[in-house]
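The domain 'EF-hand' annotation in TrEMBL covers 57-92, 93-128, 137-172. Look at TrEMBL and you will find 413-547 tagged as domain 'FAD-binding FR-type'. The annotation transmembrane segment is assigned in TrEMBL to 213-232, 238-263, 290-311, 331-356, 377-395, 407-427, 554-575.
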Amino acid sequence: LAIGYWPYTTNPQGALFTMSLDEDARWLEWVTKQFESIAGEDKEIDLEEFKTALKVKESFFAERFFALFDSDGSKTISLDELLEALDLLIHGSETDKLRFLFQVYDVDGSGSIDPDELRTVLKSCLRESAISLPEEKLDDLTLALFESADKDNSGSITFEELKAELENFPEVMENLTISAANWLKPPGLEQKKGRHTPRYLTPAYWHNNSRKLLFLCAYTCLNLLLFITAMLKNAEGGFWYMVAKGCGQCLNFNCTFVMVLMLRRCLTWLRATWVVRVLPLDQNILLHQMVGYAIVTFSTVHTTAHFMNFVHLSQNSSYSLWEHLFTTRPGIGWVQGSASLTGMVLQIMICLMVVCSSTFVRRSGHFEVFYWSHLSYVWVWALLVVHCANFWKWFVVPGVIFLLEKLVGVAVSHMGGLYIVEVNLLPSKVTHLVIKRPQFFHFKPGDYVYINIPDIAKYEWHPFTISSAPEQPDTLWLHIRSMGQWTNRLYEYFRQPDSQVVSTKRLSASLKDRRHQRRTTAKLSENHRFCNVKCFVDGPYGTPTRQIFASEHAVLIGAGIGITPFASILQSIIYRMRKQNCPNCSYSWCENIKDSEMKLRKVDFIWINRDQKSFEWFVSLLTKLEMDQADEEPEGRFLEMHMYMTSALSKNDMKAIGLQMALDLLAKKEKRDSITGLRTRTQPGRPEWGKVFQKVAEEKKGKVHVFYCGAPALAKLIKAQCEHFGFNFYKENF
């Protein structure tokens with residue numbers, strides 16, 4: 001509600017600190033201002049204004065809160081009524097706040113809650129949390145909560161019974177004060193925070209990023225050495241000439257090194273050696289970006305220094321400034337005096353490549369702009385050879401390796417015919433591709449490939465994580481979310497009815513073309529079908545997740561479609577575990593298959609989704625993982641799953657308390673979550689990372705490694721928490 005929220009803070013247990021008199025006065029002044037801005041000239045807030053200010057999805061709660069705030073029944077809320085209600089929620093006793101909650105549920109004001117009233121409330125809770133359940137499931141939720149709360153079987157729930165029921169849920173009682181206040185929070189009111197040591201100056205940060213920091217120090221020192229050496233060698237040319245030569249030497253190194261960081265096959269091979277413990281191979285993309293920015297900086301300074309030098313030369317020679325810049329007459333350069341012209345073209349091309357590589361371009365549905373602009377690296381290297389007499393000496397060895405990698409990639413991707421044999425269109429525009437696996441295609445869990453589908457775009461290759469396990473012999477899985485032009489075309493291509501997909505000029509097509517076009521052979525359902533679509537795959541390439549089996553306690557965190565590498569890992573883990581069942585009883589346990597790589601003692605899998613539908617992407621896989629696990633294990637469950645749905649209101653929100661209690665009760669009764677159908681209960685809201693990692697640390701299963709795939713903003717938050725707890729953090733990035 002944009003009306004009022006007091007500037008309170010909470011301790012780790014969720015209890016309110018008492019406001020000081022100054023804070024109380026400031027809060028009163030702020031609430032009064034907000035009230036006046038919403039109420040307008042009549043100094044009263046009506047129901048429609050209240051609904052607008054409250055910003056809830058379901059009007060039921062707005063109407064109930066309005067009715068309780070409107071103590072005189074005038075159909076409007078005055079400032080005094082608002083302050084009186086807020087004072088109860090802030091300073092009232094626990095019983096007062098529980099009474100307020102009870103009155104919200106007691107729709108007819110009879111002093112008790114009957115099953116129909118409870119069902120109405122729960123239905124509104126579901127809508128508010130964007131959860132869709134069948135009417136039968138809503139009835140089950142209502143009965144589960146009602147039967148648990150109605151202790152005397154009188155057919156209605158009294159205030160005392162509701163209070164007793166809430167006491168069975170200590171986390172709800174703990175947060176009741178916050179939940180009664182949370183919906184009143186205004187945007188932009190920031191709490192005063194104490195001064196903290198900057199994250200980059202903490203010992204934990206330096207310890208967890210030691211390889212990267214040492215590498216960057218070595219990289220910086222090498223550039224300084226190259227710059228100073230080149231300057232001293234060209235001291236006779238004047239200051240600007242020295243600067244230009246210094247930057248030029250750094251550009252020789254960086255324009256080659258930026259390519260070395262993208263030798264994917266070499267890096268994948270190095271990940272399996274001791275080198276991975278010394279060099280930050282898992283951060284090659286970040287380093288590639290940093291070197292790219294260094295190239296832009298050096299090239300800009302290099303160009304500016306040459307410009308200033310040309311200004312000086314034009315004053316003491318027969319050639320004008322524009323002749324130095326735009327012609328070959330002065331004879332500058334080792335190939336027919338073309339250094340100035342090639343330098344101007346290079347500066348423009350490098351700047352365009354960096355701009356088109358920005359996060360804004362790549363993440364805003366214009367990946368093709370990044371893709372095609374980046375292919376101009378071939379022309380950049382060609383122009384560099386022409387521009388600088390010494391560049392070829394830096395370039396020749398890495399260039400040959402890069403060329404060999406490309407030739408191997410082309411040979412591997414076109415070796416034999418690969419076909420997409422099955423496709424399944426999933427919610428939120430996710431395309432699940434099943435590809436016939438080549439006989440000699442070997443990969444590790446979490447690896448990724450580049451895929452080319454000529455029917456979608458003949459020359460475009462896009463990287464996607466393999467979501468199937470290496471132990472799965474016949475097929476490869478890819479789960480691709482529609483987020484750009486190519487991925488949208490892919491989804492629409494398979495969404496078309498058969499009659500639209502097959503060419504209308506069938507009679508004039510050759511037999512080869514007809515076989516190529518006749519892709520659909522059987523249809524399993526509207527969104528699931530068998531097909532036969534030609535594709536090419538280049539890879540596999542390694543990622544940080546290759547280190548998971550060398551970990552002792554792994555925490556896998558997937559946000560949205562970021563689950564894909566972990567789908568492969570989880571399946572591989574289950575393949576490596578052998579479930580044993582006692583023939584005389586239902587007891588089961590797991591044994592590790594002999595595997596020198598397998599050091600895992602515990603895996604925590606956390607999947608965060610915005611909406612309910614997204615869980616359908618891998619719910620069948622997760623169900624199988626739950627079934628394949630042992631019921632009881634001496635050291636606790638090897639794999640624990642934690643599901644979070646961010647659109648669902650958390651237990652500390654007043655509009656969700658009843659629903660979350662009902663979901664808990666029904667899950668306990670049915671041993672199955674009502675939202676996903678899994679045994680694991682789906683938690684509402686976002687994870688409290690401090691509490692999550694604290695629990696992981698307390699388990700003491702060995703060194704903790706956290707693997708993350710998802711949005712960059714969340715990665716920063718998780719990484720900071722990992723540094724605090726001393727966990728190793730790895731982010732999937734390619």
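For all residues, glycine too, the Cβ spot is worked out from N, Cα and C.
Cβ atoms under 8 Å from those of the transmembrane segment (377-395) belong to residues 248, 251-253, 255-256, 259, 333-335, 338-339, 342-343, 345-346, 349-350, 353 of the same chain, restricted to positions at least 6 beyond its ends. Mapped onto DSSP classes, the domain 'EF-hand' (57-92) shows 24 helix, 1 strand, 11 coil. The average pLDDT computed over the domain 'EF-hand' (57-92) stands at 78.
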